[in-house]
């Protein structure tokens, strides 16, 4: 499983813990992200997109719900994803 | 179509509240004093709580019921409203069917007292969803979270329980005498803490909606507090201002829960993207 998939899956699961199925719905609104009902994530990057951009779009989507509180949930989710990721690979919103 | 259904739930809440308000105003200021009318009103206005509870259960399913923090919060508040209605019905049963003065404690206290843990359950999960666990990482906020509830608990103790006379033959009465004022302070202090600690971190579509729920808990507390003060001074009367305060609190909580329905959240999200 790709690093980005693992991170996004962790974010979706953490957001699901807050708002339930709406979290999956919102993730599926992000271009290139597909989350099945059982929570499995598949990210398909377009040529014009990047992992950073996808992650940013997803976090911004959740930010619309609870503001900074949602962003903090995403940060926690990344920490708990168990994936080593360089700060440079993360969008500014998560720094 | 779904928009009409969504707005219907709010409209129905307003219709129930307005009708009951009109009835209360007639009883209090127009019709001649009649204890039967007062008692009938007191037995009926719980329908507002019942409606709010049903709306809450219905809307909680879209949040995955107990599988999410928001679902748990809505279920907690709905069960609280339902418990209040149970208390109202049980009290009315004593008055109408048994024709006796309501004993204390009675089966009605299962509802009234039972609503306290349900509200606490709801507000704790709402607090978590609002991100107060992130605010609590700061020591100053941790101190605030200890000091404010403690002050409220002490205030409540000195107002209601300072001169309490213990009758050890009535352990249940003692438990309720302490449990009501202190338990009610717990839910309102968590609500106040949630407001204070999430003020900076909570934003987005849910900010106002969550603050309305916290406001509803404060209105509920004002009704509970007034009841305790009036009962202590032995001036509480059925169908008077305190009953209307309860009706108002059920209405505000109903509106708060209806506002959390996911269809509205979804449409607000689509407006923003």
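Going from the start of the chain as shown, residues are counted 1 onward.
Backbone N, Cα and C atoms are what each Cβ position is placed from, and that goes for glycine too.
Annotated features in TrEMBL:
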TRANSMEM  B:12-31  transmembrane segment
TRANSMEM  B:43-61  transmembrane segment
TRANSMEM  B:73-96  transmembrane segment
TRANSMEM  B:116-136  transmembrane segment
TRANSMEM  B:143-160  transmembrane segment
TRANSMEM  B:180-198  transmembrane segment
TRANSMEM  B:210-232  transmembrane segment
TRANSMEM  B:244-262  transmembrane segment
Worksheet item: Are there at least 3 C-beta pairs under 8 angstroms linking the transmembrane segment (B:116-136) and the transmembrane segment (B:244-262), leaving out pairs fewer than 6 apart in sequence?
Response: no
Response to the item:
Among B:12-31, B:43-61, B:116-136, B:180-198, B:210-232, the most Cβ pairs under 8 Å with the transmembrane segment (B:73-96) come from B:43-61
Worksheet item: Which bits of the chain, at least 6 residues beyond where the transmembrane segment (B:180-198) starts or stops, bring a Cβ under 8 A of a Cβ in it?
Response: 112-113, 116-117, 119-120, 123-124, 126-127, 130-132, 135-136, 141, 144-145, 148-149, 152-153, 155-157, 159-161, 210-211, 214, 217-218, 220-221, 224-225, 228
Discussion item. As a test: from B:12-31, B:43-61, B:210-232, pick the stretch that has the greatest number of Cβ pairs under 8 Å with the transmembrane segment (B:116-136).
Written reply: B:210-232
